[in-house]
Each structure stands twice: as C-alpha cells, then as structure tokens.
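Engineer: From TrEMBL, here are the annotated features:
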type	residues	note
TRANSMEM	B:21-38	transmembrane segment
TRANSMEM	B:58-81	transmembrane segment
TRANSMEM	B:93-112	transmembrane segment
TRANSMEM	B:132-160	transmembrane segment
TRANSMEM	B:181-206	transmembrane segment
TRANSMEM	B:218-242	transmembrane segment
TRANSMEM	B:254-273	transmembrane segment
TRANSMEM	B:293-315	transmembrane segment
TRANSMEM	B:322-338	transmembrane segment
TRANSMEM	B:371-396	transmembrane segment
Amino acid sequence: MTISRRDLLKGAVAAGAAVAIPATAEARHEIEPLPDAVGMLFDSTLCVGCRACQSACKVANKLPEDKVEANGGVYDAPNDLNSTTKNVIKAFPAGDTQHYMKQQCMHCVDPSCVSVCMLGALHKEGEGKRDFKGEKKGTGIVLWDKWTCVGCRYCQIGCAFNVPKFEWFEAFPAIVKCELCRHRRDEQKSGPLAVANPACCEVCPREAVVFGYRKDLLAEAKRRVAADPQRYNPHVYGEHDGGGTQVLYLAAAGVQFHDLGLPDLPERSQAEFSESVSHAPYLYGVTPIALYAAMAFVINRNKKKEEAAEHGEEGKR
Amino acid sequence: MSGHDHPQAIGGKMLDPLMKILLAVFGVSALVMAYRFVTGIGSVSNMTDGFTWGIWEPINVVVFTGIGAGAYGVGLLCYLLNKGQYHGLVRPAVLLGAIAYTLGGSSIMIALGRYWNAVTLPIVPWWNLSSALLEVAVCVMMYVMVLWIEVLPAIFDGAAQSKSPRWSAIGKRWGARMAKAMPYIIALAILLPTMHQSSLGGLYLIAGPKLHPLWHTALLPTLFLVSCLSMGYGAVVVLVNILRLNWNAKQDQALFASMSKVNAGFLLLYVVLRLGDIVLHGKLRFLGADFATFLFVVEMALFIAPAVMFVMPGVQRNRGKLFGAALLAILAGAVYRADTYMTMYRPAGWTADGKSIAAGWDYFPSVGETIVTVGMAAVGMAIFVFISRLFPVVVVDQGKKSTIGRGEVRAASGH
C-alpha cells in the first residue's frame, strides 16, 4: 500500500509537461505604439532645475504641498514622486556638473500596471473594462479609475519606474499618478492640445519638456541628436526601452540613462513576457475544462470501485 | 466505510486556557486592524510605495495558503490516485486548508486599500484576464467556498450522530446527497489550487528587473505549484502529530512514511527544476560571496534536507524525526516564497551583475503588521479547535488493540 514507482513516474511526467508547456509558449504579440499616441519629450541637456513644472503640476492637479521644514522655514520640497507629487525634478551629479531629470508617469506603450490591474482601473484611455464616457481612444494615456481600483497595489510591484503612488495615511486611499493633464485638454483646439495639455510642458521656460504626438517627438529627438551628435547620448530612451514609452528622454553625451535614475530595460515589455508565460498553459481556457472533466471522471470511477470493494469485503464476513 | 476509521468529535471544554490565549492574541490584532481601517495602512505598517505588500501578502496569503495546500495534496493522493488509505487524513487536511485559505482571503481584505470596491470583483465583463492577481483572487474565493463545502460532510456526519432526531434526520439526508455530489466538488478542489498556486508564482513574472535574477524565471509558476505540495504534505504530518499529542489522534506512521516519500519526490523535483533552470539560463555567474547566494544555498539546503530525511528508514520509523523533517519541508517552501515576494525584491531593481540598486526605501515589518499576522494564525488555530471539538474531523486512536480496518494493518506492517 505504498506509493509505487509507477505513480511517481506518472507524477514526474505530468510535472514535466507542466514545465514544457510554458517553454513552448506562443508569445503574446508585441504591442506597437498607437499612431496618434501623445507623450512628452524631456531633454535633460536643456533643464536647469528651476522646478517650475513641479509647482505647476501641483496647481493643475490640486495637490497639497509636500511640506519639509528646514532652516526655520517650510518648503514644498518633495524628494521623490509620492501621493502628493505627480511630477518631480531630481538632480544627479554626473562628471563635473549636475544633470536634472524629470520624473512622472512614462505612459508606457505596453504598461505593466495596465497588464496587472485586476479590473482595469489603470487602463489606456478609452480601453478600460468599464464603460468610460468622455474618454478618447488612441491617445495611449494611462488613466486611473477610482470606481474599479481595489487598492491592491500590484501596479506598484509591476511598474519598473515606481510611478503609481498610494495614499498610505488615508482611510479611503487613492492611487496617485500623472495622467498627462488630460483634464486640461481643450476640445476647441486641434492636434494634441485637444487630447491633453500638461501643465509642466506649458510652464517650462526652456522647453526642456515638450508635449505632442509621440511620433513627432521621436522624430524631433532624433533630429536633435543628428544635428548635434557631440551634445547628446545617441540613445533616445523610451523608443524601445521596456517595450517603448510615450514619454521620451534625451541625455547629454557620455551620460548613461541609469545614472539619471531610469532603469535598464530590455526591448521586450515585461507585460508581454509575463502574459505569454502565464497564459500558455491555459490554451485559451481549454486546459482547465479538460482537466476538470478528466479528474471528475477518474474520481467518480475510483469512488465506484472502492464502494464495490467495500461491499465485497462486508459480504465475506 | 469498513476500510476507514471513523473520525469523531473531540468534545471537552471549549474555553480552555489555550483557547483563551488564542482569542486574546486575536483580540489584540483585531484592535490593530480596526485602527488601520480608521487611519490608513501606513499608520500600522512599515509598508511604503517601495515595499508595498509588506508581510501581509507574502506571509498571510502566500505562506498560509501553501500550508493550507495539504488539502490539495491529500486530495490528489486519496481521490485522484485512489489511495484509499489516506482517507483518515482528508478531514483534518481539508479543515486546515479551509481555515488557512479563509485567513488568506480575509487578510487580503485588510491589505486592500480600497476594499469596498472588492464587491465589483464578481463582475465578469470587468475582469482583466491578463492579471495574475485577478486569477488568484477569483480562484481563491471559489476555492474557499469549495473547501468549506468539503468540510460539510463532517458537519452532516456530526448532525447524523446527534441525539436529536430532527438533526439526525437532516444530517443523514444531506450527508447522502453530499456524498453523490462529492466527486465533482473534489475535482474542482484539485483544479483550483493547481491554477492559483501556479498563479501565485506567476504574480512575480511582471516584477522582472525588480526580482533578483536567481529568483526571477519563467518557471516561477511551476516552482510555486511544486512548493505548495511539499508544504502541504509537510503541514498534514505536522498537524496530525500535534493532534496526537493533544487529543490522542490516530497516527499511522507507515502511512506518513509513504506520503513523505511522495513529498521527497516533490522536494527533489523542485531542486532539480530550480538548479536546472539556473544552469540552463547561464545564471551560475550570479553565485558569489554575497547575501543572494547565501539565501539561495539556504533554500536549496532546506529543500534537500527533508527530502533526504524522508527516504531514510530511520526517520520514517521515528515519529519525532519525521515530524522534524516535515517541519523543514514547510519551512523550505515558506522561505522560498517569502524570499521571492520580499527578501529578494528591490523597488529599484538589480544591476547586471546582481547588486541591488539603492532606492529611497527600506523595509522591516512593524509591530502592528506582525501582530495582525500572528493574530490571524491564532484565530485560525482557535477555529480548528472549535470545529474539531464539535464535529467529527479527527480520527482518534481507540487503543492498542484497535478496531482499525485491515487496510491500515497491512499498511502498518509493510515498508
């Protein structure tokens, strides 16, 4: 009455199959940038760190100050993105100078947060699970919906840029992140301003950050690099990184993006990898149903066999 | 039922000192939980935007349900492979599973920031089928129901044995009806954990660059599935040993020995998969004199040690040693799961040569967080004691010259 080698072997074969299936998984197709996706281009060689964008963001999004007391005064001085800061300027020492970096939601082409969000609270504009009125399709802006978010914070695990923030000290907390000032759009205007109008881009005195269609911004970034190759790192961060982002970055020549706080990411998006591996064994839902039917059959048969055996034994007594 | 021993209600005084302690611990944790609902999660925990899940998800959900997987493991042997001798273990394992999963599910409700929106989870058209967490949430909710349905035969059995003719009639009638439906429920009780236990590993596929390369692999779902079985079988051995010490529960050492041999197979399968994956993907270069390697070696040792012990006749015969090996098997899975979810997770990720990148966050669980976890474990034990005292869950040893069936005698004599 012990477990026979045959049983163990059967188990090993089943386990082997479970391992082999993900390996031969058909990859979920790669997501391309939407043709009319909007985004921003940040040129760190132009930013002087005035933080006008930071203040304008707080005003535009009605966010409270992140009060820091120093030298007998109180300042709005966030040191990172947080539940009251959707946009932040950080200084990174590089070589003999200082480089400034702007951080906010990257509005990824294939966002991890959207991939993991249980009920589509985080979704690309117009492509949520709920019926969203007034959302345009095709802008690629990642929005948050307060009616379907359960506050599980899986988006924070998924986001490689650590963008979504949570209100830790609220009884009824929200997820806070940049939505590209979609609420400041002007339907009367044409082009990207009819879609959104980021306060940070509007206020920037040096046009270090500009708003527009992603395809135009990408062309502009490449034009700048080609026009002055001495000045720029030839890599346009966000063209392909992490599957591509709608916010693009330029850095000075010789400065690596990871030295400016942007992670080194493969070209394949993490969402594509995760979904391919997770979905493969399900075969579009066939596996669970087939497995259930097979197991119900075997268990039923075993039960009948056992009942027959028991009656047999009782009969012998 | 001649082939099986009959479980019986333990009876006895409900509010014994142990029960009082368990309820007191839970009471304290309930206060912390109440405070959390008024002031926010940040005020009772050390969770931050960087370490957003703290210990509640990794321990209360991922480790608790691993322990609860004993119901899945025993069900697999008893019903799918038709090893009838495991029948006596089914009820304790199922009750343990039902309680562990219920606590996991309740812990989620405490950890969810916007818990009130969880009522929208059953709205199927809103489901994002790409989300591993949605799969876990839906599957675990269904499985909790299935597990309590699996507990029902014990309740009906208890009612059938009741002195009240009315209760007795209800118990007999519904017990018979349940028996007919059971195969279809049991099939679900095997399918659902197969799905969500692998999804628990799949959850961290998306974390990609944030999880140390020695832990991040496409095999995460498989490794979590295998480790839940090794934890589950270990948990059943540990549970029945504790029940024997306290309530003189029947413990069939030969049965444990053969179940533990199965467990040795799963533990070794885990080791082979994990090592094979690391070698095949050229990740050996991440092994060096650092904390990651230390943890990796600890994990491997924790999986190999009980596997080796389980196949040694000296351990198989000895109650204490087998109990120790089973504890190690639980610990192995628990450490692996906690490392994946917490210890080897860094919000800013890891460099190409496996060094953690500094970020503005550090994490160590707060007292409040820990109390909630301990309180959940305590109330789980209290519920187990409560149900076992009232209803026939545990098979009690009737004495040396017992009336046990022939199957068990054969099992006890042969190995």
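The backbone N, Cα and C atoms fix where each Cβ goes, glycine too.
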Engineer: Verify whether three or more Cβ pairs under 8 angstroms connect the transmembrane segment (B:293-315) with the transmembrane segment (B:322-338), leaving out any pair fewer than 6 apart in sequence.
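Structural biologist: Contact between the transmembrane segment (B:322-338) and the transmembrane segment (B:293-315): present.
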Engineer: Suppose I define contact as three or more CB-CB distances under 8 A, residues 6 or more apart in sequence; do the transmembrane segment (B:58-81) and the transmembrane segment (B:293-315) meet it?
Structural biologist: no
Engineer: Would you kindly list the residues that approach the transmembrane segment (B:254-273) from elsewhere in its chain, counting only those six or more residues past its ends and only Cβ-Cβ distances under 8 Å?
Structural biologist: 74, 77, 85-86, 88-89, 219, 222-223, 226-227, 229-230, 233-234, 236-237, 240, 300, 303-304, 306-308, 310-311, 316-317, 322, 325-326, 329, 332, 408, 411-415
Engineer: Restricting to the same chain and to residues at least six past its boundaries, which positions have a Cβ under 8 Å from a Cβ of the transmembrane segment (B:371-396)?
Structural biologist: 5-12, 14, 18-19, 21-23, 25-30, 32-33, 36, 44, 55-56, 59-60, 64, 88, 91-92, 95-96, 99-100, 103, 106-107, 110, 151, 154-155, 157-158, 161, 243, 247-250, 365
